[in-house]
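Single-structure report; data block below.
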Amino acid sequence: MPSPALAALSALPQADLKSIFTTDPDRLSKLVLTQGPIRFDWSKTHLTDDLMAGFLALADEQGFARRRDALFAGEAVNNTEGRAAEHPAERGEGNPDSVAHAKMLHNRMRGLIDAIEAGALGEIRHILHIGIGGSALGPDLIVDALDGDGVRYDVAIVSNVDGTALERAIEGFDPHATLIAIASKTFTTSETMLNAASAINWMVEGGVDDPYGRVVALTAAPDRAMEWGVDETRILPFAESVGGRYSLWSSIGFPAALALGWDAFESLLEGAAEMDRHFRLSDPAQNIPLIAAFADQYYARVLGCQTRAVFAYDERLALLPSYLQQLEMESNGKAVKLDGSPVDGPTAPITWGGVGTDAQHAVFQLLHQGTIITPVEFIASIEPGHALDPAHHRALLVNCFAQGAALMRGKDNAADPARAYPGNRPSTTILMDDVTPHALGALIAFYEHRTFANAVLMGINPFDQFGVELGKEIAKSIETDGAVGFDPSTMALIEIALGAE
Ligand SMILES: O=P(O)(O)OC[C@H]1O[C@](O)(CO)[C@@H](O)[C@@H]1O
């Protein structure tokens, strides 16, 4: 049964963006909100006063305030696994006991970083971080965004089990000056364990006497890390209640904290904490992650848009779309509601994207003239990330703003329809003052809370991910039993490529 509030929303007429600033001249004051160093602009979306009122009613109907309080109180909001979701505690926000525990673990991480910097593990010039999914995407995004010229260490983040990834990562690394960070919440993920074993072999082959002596484990399963061979003093634990895709704030962020320095890592946490406080304390009508979720819900569930595109008009944020793919799709690509009943409509759309201006010359044709409507999100920074001619940054921003205007405005051409642009296509623009640790922390926390707000509006649990298990089980059974008991297509593939057992 669709929710009454959503049904009422769906009955509202759709605004025309081409004339929306004429019919609603105050849009900027209503739909542009600034939080710290980031300005969020929904004025080029179809959100109207009526829709906002309808979505506020939906939020109320779905118990938004109660579920938000439960999240921050450290209640078991991940109901299918009976666990809390305590990533805000890593930033100092939430249940006081969890905050104190996270602080203690951060101090432990800081102590190890200080020791490494003081030379306790010998000379370290390279950091080889091995992890996958949430144990790689977050650190990769932060290091790539903020490390600029990588002055402190060369950092390589390896996730794929394809040996080519590891081989390429260690190509320029000296095994005698490399620190291996094994990042795995469970310390069982097969790709990570295989890559970790191969990295140790590489060190041994490179003549390192005690390769385990330069391994650091980042995990919520310290006992398994110890069994694997990591010394207890180099295990940096984090709480089981921190989900993998929400874990960059914990010891999973170790390569960022080491490479960028502790002050930068703290500033990232503080930026996120400011967004936490905004999300926790703001009235729903002014709540930035919630308003973002209103627009998301309108496009995905009311208009049936199956995808959402994110374009970073800043090379520093080139990895943001990949990071968001896991955050949004693994969290909200679900088929059942909190009570186990089937969902009553689409859940998360497919998140995809890239960087501007590259994407303009590759995929924007479809966005402007294709028949599939895709809500677009632009992310840009007022300050550039480089010291070259300011003309570069000016051109980047000009292009970003032009795309949003073109999508909205369109262009008639009755005489030559192939050259006409329908317009009325929505976009959101997120404009950062600069890509600093503080602003990036706030931006990522915004996305986390927006994902949670979407889940609340749909009545689903964003914190489990059982959808990834079946493929893992089948891979394991192929590893152990080979081509047995599968369909003819799968058996033939196994036999041809892996050989008959
Ligand atoms: O940190 P781990 O336990 O190695 O898991 C890695 C990733 O694998 C997943 O469980 C999906 O298979 C993600 O949720 C997680 O981020």
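Think of each number as a place in line: the chain as shown, counted from 1.
Backbone N, Cα and C define each Cβ position, glycine as well.
TrEMBL annotations:
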- Glu330: active site, proton donor (ACT_SITE)
- His361: active site (ACT_SITE)
- Lys472: active site (ACT_SITE)
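Overlay of TrEMBL annotations on the structure.
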residue: Glu330; record: active site, proton donor; Cβ within 10 Å: 22
residue: His361; record: active site; Cβ within 10 Å: 9
residue: Lys472; record: active site; Cβ within 10 Å: 11
Item checked: Separation of alpha carbons, the residue listed as 'active site, proton donor' and His361 (active site) (Å) -> 29
Next item on the list: Give the distance between the Cα atoms of Lys472 (active site) and the residue listed as 'active site, proton donor', rounded to the nearest whole Å.
Entry: 15
